[in-house]
Amino acid sequence: MNFTEGCEATGRRPGSAGSRRRRAPRPGPVALLPLLLPLLLPPAAAVPLPAAADSSGEVGLEEEAGARRALLDCEPLARVLRDRAVQLQDEMCKKFTVCENSMEMLVRNNLNLPKVTEEDGCLLAGFDEEKCLTKLSSGLFAFQTYLEFIQETFDSEKQNVESLCYSTKHLAATIRQMVINPDEVVIPDSAAQKSLLANLKSDKDWIEKITMHLILRDFTSFMEKTVRAVRYLKKTRSFSA
């Protein structure tokens, strides 16, 4: 007897001959499973709704809260990265006498380091949020290889530079989350990173030291502009209460 026949048998009137003489076999656990699932699962899991169908606006509020947290986290982290870069520059000046006013700085200044320019929309006059955030995130991702070079070269500060690398990557990813079209953020592929890292290395120790100083100097400048841009965003971006 199949499951349908069992349901029909239990539907006979009590007291009829069929109900006294023939009892429907109890359906096994497998047969009951389709009936029990709606009772076992919470409503949201049983009938998932797309985010767009949420008329309560909770999804939008969650996205806003995430954007607010990301924005609030960016400024202090950017300040820390800027200050660490300044400290590393000071250490290089003390240990290697490679300082800002060294004449050797003119020897190698063709590193093509990321810079924030007027066209990037990060200046207070003509501030363009989407354009600026895209530039900042792309620039921070680009700095990864340069910082990795310092990590491999500046032995006495290897741990500090490693922390700088990790935090820079974290900030780049955080800012990327705030971009409307994150695909516009440029992230160097592994082949480009390996090629750049090889080009940064030199068999002359003093050239590598100058290279490190120039990287830290431009990274400090980039982070200073990042701090200003994020601070301005915090003042101007409006969130729902």
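Positions of Cβ are set from backbone N, Cα and C atoms, glycine also.
Residues or ranges marked as signal peptide by Swiss-Prot: 1-46.
The region 'Disordered' annotation in Swiss-Prot covers 1-25.
Annotated disulfide bond per Swiss-Prot: Cys122-Cys132, in sequence order. In three-state terms derived from DSSP, Cys122 (disulfide bond) belongs to neither a helical nor a strand segment and is classed as coil. Long-range Cβ proximity for Cys122 (disulfide bond), meaning a same-chain Cβ under 8 A and a gap of 6 or more residues, is found for Val116, Asp128, Lys131, Cys132, Lys135, Leu136, Lys225, Arg228, Ala229.
Around the Cβ of Cys132 (disulfide bond), a 10 Å sphere holds 24 further Cβ atoms from the protein chains shown.
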